[in-house]
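Comments concern the structure below.
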Amino acid sequence: MTWNMLLALLPLLVLFGGSITVLFLSERRALLSAAMCAVVAAGFAWWPASLEAAGTPLVASNLFARGCLTLWALLGAATCLLSDRYRGSRKLAAREYAALTLFAVLGMAILSASTSLVSLFLGLESMTLAFYVLIAVDRENPTGAEAGLKYLLPGFLASALLAFGIALVYAATGTFELSAAISLSMAGAPMPSIALLGWTLIMAAAAFKASLAPFHLWTPDVYQGASAPIAGFLASGSKGAVFAVLLGSAPLALIVPLRPLLGGLAALSMIWGTLAALRQTNLKRMLAYSSVVHMGYLVLAVLSNRSAGMEAGLFYLLTYSAATVGTFGLLASMVDSGGEPQDYAALEGLAGRSPWRAVLLTGLLLSLAGFPPLAGFMGKFVLFGAALQSGYVGLVVLALLSSLISCYYYLRPVLYLFRVRQGAPTVPAFNNCERLIFVLCAGVTLVAGLYPGPFFRWFGAMLP
């Protein structure tokens, strides 16, 4: 291994070393140390010497890979900071929790930087294995173990599909390199059946990890059973990493026979997720089904023109992640010995008890719904515009209808926030870590909606 390759891997090595080191720290320091480690890894990704480093045969070291690593590291740091309240009230195994969070970030970074089918498998499975445990790690939560099992069992099937698909693609093309495998698969006319089957299985595995319908059935139960910070991390980072590799080094939309299947997954996700979210009274289950809809929107970025779709997709990932982490973080900030607020009724009268929580939650939910001038509106505007320019008129019309209907299920909990409720229990004050995260989430949601230009220039420069 050359010095340049070592520099390219430095952020990943920091994450790996940090995940081991925090196991030897005290419970009180583990979460904060893990958050600092994630931020340091993000900093090393932009270290001048690292910027000049070449990639390795398995992972890239371009601006796209470094930008994605920065986002995953910041999401991991936010998860650790938002989980600090659980350490005292929920008897959280903080050291193991912190180590697994860093390991999940490491898997996401490897996945989004993958240039080989081997690193794609390693990154995806590293991330998934960490989440298996993180979902069930809260010993005070009786539904956590059940949620972990519901994520584990279908995950085994998805991993088997992915491994079998990779084997078929290698048999058809003779290479593990992603770009070469896609090019060789498309070289024949028609595409060899074994290659098409292999890519279809890989796409099915990715659809499970991103909870695209009909591979989403695990999502509502897992979100409900997992702690709020982990549910937010799963909804943003885990799914975001899958779409990052689909937008970057593994653009499955270039394989023409897969485009109708991707379009079908997008349409089914928007329809199924919207209809299911309408019936929910549990906030975390509603957010789970709405995330299925948002993943359907992101498929439009994968299908769209390469450069426009990537810019729109990355911007949407950023704005969706900020709103999602902030929303789940607000639920986590209200946790007590009795657990997290679950049903809409638990939010009743929150505006009178904690006005800032109510205002923040309202703004983040409105951004997810796509209300201007918040970032969610701008994200949908550019995403739907890119898909429309690429000729996907039917999918864009369906996305617009789905977005319009989503206003109902996003506004329902908002109405509960501002109802008057006598004798409602008090909620704890924000701690310093929570204040920092909520200011950042609210800032991104507002600034990216009002001044999106700098973000698009940054994402345009990141295109591989």
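Note that Cβ sites are derived from N, Cα and C of the backbone, with glycine treated the same way.
Some features that Swiss-Prot has for this protein:
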type	residues	note
TRANSMEM	5-25	transmembrane segment
TRANSMEM	31-51	transmembrane segment
TRANSMEM	63-83	transmembrane segment
TRANSMEM	96-116	transmembrane segment
TRANSMEM	117-137	transmembrane segment
TRANSMEM	152-172	transmembrane segment
TRANSMEM	188-208	transmembrane segment
TRANSMEM	242-262	transmembrane segment
TRANSMEM	286-303	transmembrane segment
TRANSMEM	312-332	transmembrane segment
TRANSMEM	358-378	transmembrane segment
TRANSMEM	436-456	transmembrane segment
Query raised in the report: Under an 8 Å Cβ to Cβ limit, what residues of the same chain, 6 or more beyond the ends of the transmembrane segment (286-303), are close to it?
Result: 210-213, 216, 219-220, 222-224, 231, 235, 239, 243, 246-247, 251-253, 259, 262-263, 265-270, 272-274, 276-277, 280, 309-310, 312-313, 316-317, 320, 324, 327-328, 368, 380, 383-384, 386-387, 390, 392, 395-396, 399, 402, 406, 409-410, 413
**Report entry** Folded-back contacts onto the transmembrane segment (188-208), same chain, C-beta under 8 angstroms, at least six residues removed
**Finding:** 124, 154-155, 157-159, 161-162, 164-173, 215, 242, 246, 252, 255, 257-258, 261-262, 265
**Report entry** Feature contact check the transmembrane segment (96-116) with the transmembrane segment (5-25), CB under 8 Å, 3 or more pairs
**Finding:** yes
Query raised in the report: How about the transmembrane segment (242-262) and the transmembrane segment (436-456): do they have 3 or more C-beta pairs under 8 A, pairs 6 or more apart in sequence?
Result: no
Report task. Please indicate, using numbers and ranges, the residues of the same chain that are 6 or more beyond the transmembrane segment (152-172) and have a C-beta under 8 Å from a C-beta there. Result -> 117-118, 120-121, 124-125, 128, 132, 181, 184-185, 192, 194-195, 197-202, 204-206, 208-209, 215, 217-218
Report summary line: Spatial neighbours of the transmembrane segment (436-456) not adjacent in sequence (6+ beyond its ends, CB under 8 Å) are 78, 81-82, 311, 315, 318-319, 322-323, 325-326, 329-330, 360, 363-364, 367, 372-379, 382, 430
